[in-house]
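Down below is the structure, laid out as structure tokens.
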Amino acid sequence: MASFPIDHHSIALDLTKLNLCPKPLPHASDMLPFRLPVVFPRSLRTSSRLLSSLGSNRVDPNGSVLIETTTTPPEPSPDVTGGVQDVYGEDAATEDMPITPWSLSVASGYTLLRDPHHNKGLAFSQRERDAHYLRGLLPPTVISQDLQVKKMMHTLRHYQVPLQRYMAMMDLQETNERLFYKLLIENVEELLPVVYTPTVGEACQKYGSIFLRPQGLFISLKEKGKILEVLRNWPEKNIQVIVVTDGERILGLGDLGCQGMGIPVGKLSLYTALGGVRPSACLPVTIDVGTNNEKLLNDEFYIGLRQRRATGEEYSELMHEFMTAVKQNYGEKVVIQFEDFANHNAFDLLAKYGTTHLVFNDDIQGTASVVLAGLLAALKFVGGSLANHRFLFLGAGEAGTGIAELIALEISKKSQIPLEEARKNIWLVDSKGLIVSSRKESIQHFKKPWAHDHKPIKELVDAVKAIKPTVLIGTSGVGQTFTQEVVETMAELNEKPIILSLSNPTSQSECTAEQAYTWSKGRAIFASGSPFAPVEYEGKTFVPGQANNAYIFPGFGLGLIMSGTIRVHDDMLLAASEALAEQLMEEHYEKGMIFPPFRNIRKISARIAARVAAKAYELGLATRLPQPKELEKCAESSMYSPSYHSYR
Ligand SMILES: O=C([O-])CC(=O)C(=O)O
Ligand SMILES: [Mg+2]
């Protein structure tokens, strides 16, 4: 039995946590009268079993008990953009906690400094250093978390190579999680390109070489028959979101096998930083069924299975075991986000598990929702409704057909016309040319609804001339395919051509922001999947938007979680798009923007979450009852705060 060198006989019980989504308190100290001391019999006080039963699974036999308190709550701030106040003490209002609302974990001394969830580095106070056996293990200086942020940003800005910044950020995530999130939340525009696209793409390509500590859960063919056991090896039990990839189509970079792990890790960092979901509730997973990437197979530093990809039954059986184990282990309300699967599996998995699990395909549905939002906002510049526009896509995979379908759904609902009718103004070009009815027999099922009557056309530029689109959308995964001639033709056809180059990372973008503005003589309404800096053209500054699903999935997921939703419905995607488009203000339009700046992303995510949750309640898919009255406030107040807790 472990012994714990402490003399605390009470643990604070925060009654507000018994409420699933209590009203935000006007001041955190209002909570204090509700805190009850809970006294345990002496025999229980030293029992590691008791501690485990209270929700801690980090019992250190040599350690002391570390109790997080809210005795010095931070001043509540009225906004959520720069890290919210920790109203609930444990950032857990999205969590079902009917009986054990404790905040408790176990570590001390050296172990505490190496526990990323509790380490505060130089920010440990003198009192904490005494109480937790840290004296001598740290240099004497005590600094604030704000100063730590300043120092870290200073260090990061000195690195010239983006990959160095990525590695420094991953290192921070693995040593001091709260500091990592504070940095990311407070510097989101600067750091998003580091932990996310484009740098995460390069990180995945070089993952084998830069790999220091494993992050996330690796489930390979070797784990077949044991996936439930593997899930149980993960230290956190209360999982709310899983992002899973099989690495076959990482961004526009292709098959990166097991090294695709950078993507679920990055996406989940955004779930926390942008959407406020607690890091401990997030589980990144990579399914390794091999890779067809010869370069990786021959790379001595490759970290995955050294075999060609399993397909067919072998593949579906492993995926099925995974999906079944997830539901068995975490229940029905865990969000499973599919990420960067190749087309053929992505559509099949979504269709197969859409009726039994809470699944969401970010590349099909998240991308569709963000692009629809951008188009709704762009109407402000071009006028009319979506039904008055003609759309041409380069790329007919997950993103292309997903966006096309959501546009058609929105048009069909708004104009009250059948979906088939709404699809007629939407055209797609794939690697073989315009998708037309004469190709219907030979194309994949997800392309068939877009095979309209027209003579075959091979080249994109000829398709632009023939179809005369008002909106051109690139989802091809191939860089520099919107040539000067293509953009110029769009500009000849339209006073304000809408051009979206969505492929990631930057190297795969169909054209750059500068090309779009220059070739259209400053008339294009442009957005891209990966970020581009503002462009000066003839004395005017153009701010390109980042049409990236990062605007959608964090808030969307939060909406699902806070309402206890059990299935995703397309109407929730439409609700998310509308919520995002509504965030555009006059000041944004003046700069030609069709997406709001990322610096307000937590507010944006809360709005999206509220709208998604409201739709879920309306559709009868939400299980968390009764429905909170003020969903947006509920979303904001349930967001994770990266501020340090005080330990006693
Ligand atoms: O990760 C991103 O930046 C967007 C995305 O889902 C993709 O390109 O596959
Ligand atoms: Mg993706």
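Glycine residues also receive a Cβ, built from the backbone N, Cα and C atoms like all the rest.
No curator has checked TrEMBL annotations; they are predicted automatically.
Around the Cβ of Y196 (active site, proton donor), a 10 Å sphere holds 27 further Cβ atoms from the protein chains shown. The active site, proton donor annotation in TrEMBL covers Y196.
In the three-state DSSP assignment, the secondary structure recorded for K267 (active site, proton acceptor) is helix. Neighbours of K267 (active site, proton acceptor), defined as other CB atoms within 10 A of its CB across all chains, total 28. Marked as active site, proton acceptor by TrEMBL: K267.
The (S)-malate binding site feature in TrEMBL is assigned to R249, N504, N548. Around R249 ((S)-malate binding site), the same-chain residues six or more apart in sequence whose CB sits under 8 Å from its CB are D255, D340, F341, A342, N343, A346, G477, listed in sequence order. In the three-state DSSP scheme, R249 ((S)-malate binding site) is classed as coil.
Annotation source TrEMBL lists divalent metal cation binding site at E339, D340, D363. Secondary structure at D340 (divalent metal cation binding site), taken from DSSP and collapsed to helix, strand or coil, is coil.
The domain 'Malic enzyme N-terminal' annotation in TrEMBL covers 173-354. The predicted model assigns the domain 'Malic enzyme N-terminal' (173-354) a mean pLDDT of 97.
Residues or ranges marked as domain 'Malic enzyme NAD-binding' in TrEMBL: 364-617.
For 62-81, the entry in TrEMBL reads region 'Disordered'.
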Alpha-carbon spacing, E339 (divalent metal cation binding site) to K267 (active site, proton acceptor), which is rounded to whole Å: 9
Of the recorded positions listed as Y196, D363, N504, N548, the one whose CA lies nearest the CA of K267 (active site, proton acceptor): Y196
Around the Cβ of N548 ((S)-malate binding site), the count of other Cβ atoms that are within 10 Å: 25
Distant-in-sequence Cβ neighbours of N504 ((S)-malate binding site), under 8 Å, six or more positions away: T197, P198, G201, L251, G252, G529, S530, N548
Other CB atoms within 10 A, centred on D340 (divalent metal cation binding site): 28
Sparsest-packed of the listed binding-site residues (E339, D363) - C-beta count within 10 angstroms: D363
Extent of the (S)-malate binding site in Å [max Cα distance among R249, N504, N548]: 17
Distance, D363 (divalent metal cation binding site) to Y196 (active site, proton donor) (CA atoms, angstrom): 15
